[in-house]
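Pulled from Swiss-Prot:
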type: BINDING; residues: LEU138, THR139, PHE166, PRO167, SER168, ASP169, ASP252, HIS255, TYR277, TRP315, ASN343; note: pyridoxal 5'-phosphate binding site
type: MOD_RES; residues: LYS278; note: N6-(pyridoxal phosphate)lysine
Amino acid sequence: MVDSSKAPLPFRDSALSFKREYAESLDAQDPLREFRNQFIIPSKADLKRKSLAVAEGESPSSDCIYLCGNSLGLQPKNARMYIDRFLQTWATKAVLGHFTKLEDSPFPPYMDYDDVTSKLMAQVVGALPSEVAVMSTLTGNLHLLMASFYRPTKEKYKIILEGKAFPSDHYAVESQIRHHGFDPKDAMVLIEPKDLKEPVLPTERILKTIDEHASSTALILLPGIQYYSGQYLDIPTITAHAHSKGLLIGWDCAHAAGNVELKLHDWDVDFAAWCTYKYVNSGPGSMGALFVHEKHGQVNLENKEDPYRHRLTGWWGGDKSLRFLMDNNFVPRPGAAGFQLSNPSVLDMTAVLSSLDIFDKATMPALRKKSLELTAYLEHLLLNSPEGVRPSDDPFSIITPSDPEARGAQLSVLLKPGLLDSVFSHLVDNGVILDERKPDVIRVAPAPLYNTFTDVWDFVQIFFDACRKAAQEKDTTS
């Protein structure tokens, strides 16, 4: 049994915490409870139906239990209205929509959309508005940032990253190294976990790796939250240590943005990139965003030799007042905006804006507080439920750090070998949506904007039942 004394209140020491009524009481006290109503929760019938249209005579069904915000966030109810307003503007104003502020529209002219979204996004990641740009996609932004921050020499050419990085990050780093004429076998320094059963990377190991390779390293790229284990890395400590060795460091915040309370500016992070379709709830494949610390985004035209940091350039990154002069003399906008390339998709940014407006009202500190309580409650029920409720043979373990400050919303649950397919199928059949990572892991991520303590309680009961049935099936077939 796990010591639950370290779990946040209010379920620390009450036997009532294992009752559904207790979860309902927590929901009734939740100051963020109304935000769930701002999202569309698919029903169980929606998920099983093979068409968009509701079949004639179909009976209403309850909401599914959606614990997959770490993979794709749910649709804000205002997204349709926002997009309809954009389509109406495009239809009635055409090209004039770039410059016309409409009296009955909540949106800026197209020309200023990126400034509005960047200001709101900056609040989500703890940045100055000038340090954030909503643009492109995550891997595209990583390439753009590495084109600026990875400047290898014969002596300093290595990139330090985790050995189990998300594949797209690994590919991006590998291709950047090859692009500069180096061999990834030598130039990629991979920080490996002990194994997939113990995937957490101790901060000490990361710092030691930096020390060992500092003299030959050009860049460090790490995840804010590791996608598989759910570990929240110690960004300020690692960043400060990298800087003490004279190294630049960037962070992939795909699983951190909208999940934990980041302070990218205060932590002196050099650069970061993230997507917006997970916890930021902007739709499948939606736009990415990037952060460039203000110290790297300065523009000083009086310095003729080095007026601004080298980067790949495009016209949308140029000074707005000069953009339409078409004189082919690039003068970047200060800050992250100067890293933009092309006119961003206003349609896509409208979807991002529909979610950021909700974050603006909820605020990241309040969301993080609830998230800590939700995930601790999930952990508490999984590990401390009474005998007779919890499966007797302990068919799973949690590989995410037990320290609440070292994780976000996600708990990664490692099942005993051979159980995953059956457990996952049972969960889906009972209206639970989460994701799996072969061969044996399910990732459970209660999102504080729309998930409830009752969602967590219901999931745990269904999961326990799924584990028992999977074990029985395995015994029958073995």
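Cβ coordinates come from backbone N, Cα and C, glycine included.
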Long-range Cβ environment of TYR277 (pyridoxal 5'-phosphate binding site), under 8 Å and at least 6 residues apart: LEU72, GLY73, GLY283, PRO284, GLY285, SER286
Cβ-Cβ neighbours of ASN343 (pyridoxal 5'-phosphate binding site) (radius 10 Å): 15
Recorded positions (PHE166, LYS278), the one with most neighbouring Cβ atoms at 10 Å: LYS278
Local Cβ density at LEU138 (pyridoxal 5'-phosphate binding site) - other Cβ atoms counted within 10 Å: 23
Length of the line joining the Cα atoms of ASP252 (pyridoxal 5'-phosphate binding site) and LYS278 (N6-(pyridoxal phosphate)lysine), in Å: 13
LEU138 (pyridoxal 5'-phosphate binding site) and LYS278 (N6-(pyridoxal phosphate)lysine), Cα-Cα, nearest whole angstrom: 12
For TYR277 (pyridoxal 5'-phosphate binding site), the three-state class that DSSP assigns: coil
Chain-internal residues, separated by at least six, CB under 8 A from SER168 (pyridoxal 5'-phosphate binding site): LEU138, THR139
Number of other Cβ atoms within 10 Å of the Cβ of ASP252 (pyridoxal 5'-phosphate binding site) across all protein chains: 29
Conformational class of PHE166 (pyridoxal 5'-phosphate binding site) under the three-state DSSP mapping: coil
